[in-house]
Amino acid sequence: MTAGAPSKFSLYLQLIRWNRPAGWLLLLWPTLSALWLASHGFPGWHLVTVFTLGTFLMRSAGCCINDVADRDFDRHVKRTAQRPVTSGAVSVREALGLGAVLALLAFGLVLTTNAVTIAWSFAALAVTLAYPFAKRYVSMPQAVLGVAFSCGILMAFAAVQSRVPPLAWALLLGNLFWVIAYDTEYAMVDRDDDLKIGMKTSAITLGRFDVAGVMLSYLIFISIWAFALIQRAQSAIFMIAIALALAQALWHGWLIRKRERDDCFKAFRLNHWLGFTVFAGVALSYWGR
């Protein structure tokens, strides 16, 4: 290793986006919300630990898979050209090996739950593996990512109730639209580069209606979660949280209105606070019951 060159360990941390926690927090908050809803309150430290660590591990594994799949495209995109796999600092074999280890660790956590959750974990893995390749063939790959990022909701209900009730599917549908909203903001950052290399994204598909599409997706997400949970939560705290989430969505719309790269990326990064707001509303609505 030459002087000043990053160590392998630091390169692996870059690969899994260790310094960018917003990505896994976007996965965590709806999953924890589902855990609290399925349990009608605090689900216990075992499940909180399993799903918190599992979310981090699987998102990290997904980064490894995504960077391997996209390495020939990423070198043509300003924001991703220096990623470890793309630059050659980490080999494809190393990235896949690290991803496999992380996925196996996550599966080890799932094994401490029940058979229904274990079965759903295979479906979640399949969607996770499919997403990087959807960007080549699907005009709205963000919808595929939405399913992948929402599987934790189904698994949370399965872990608590040993089944996946209709409520879980409603929450998954709503969450899918949230993912479309924030990942379209993300795609707006790279749109010029993606057009040159032939990558398919919702930002390209929506064209001049991209901002409207983002705002409509936010509205659908918040509406579905509000209507699905209003009877269950039965709390002014939850409704305040929904109002705050809506206010954040409107702010994001203001940020992206001019389609500036930095503002679109800022809106994307701040989305985890919107997710946290909804989770806090759910968790606090059960507090003290």
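Cβ from N, Cα, C; glycine included.
Keep in mind the model is a prediction, meaning the values are calculated, not measured.
Annotated in Swiss-Prot:
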TRANSMEM  22-42  transmembrane segment
TRANSMEM  45-65  transmembrane segment
TRANSMEM  96-116  transmembrane segment
TRANSMEM  118-138  transmembrane segment
TRANSMEM  140-160  transmembrane segment
TRANSMEM  164-184  transmembrane segment
TRANSMEM  211-231  transmembrane segment
TRANSMEM  236-256  transmembrane segment
TRANSMEM  267-287  transmembrane segment
State the non-local partners of the transmembrane segment (236-256) in its own chain: residues 6+ outside its ends, Cβ under 8 Å from one of its Cβ atoms.
181, 185, 188, 211, 214-215, 218-219, 222, 225-226, 229-230, 263-264, 266-267, 270-271, 273-274, 277-278, 280-282, 284-285
Recorded stretch that, among 22-42, 45-65, 96-116, has the most CB pairs under 8 Å to the transmembrane segment (140-160):
22-42
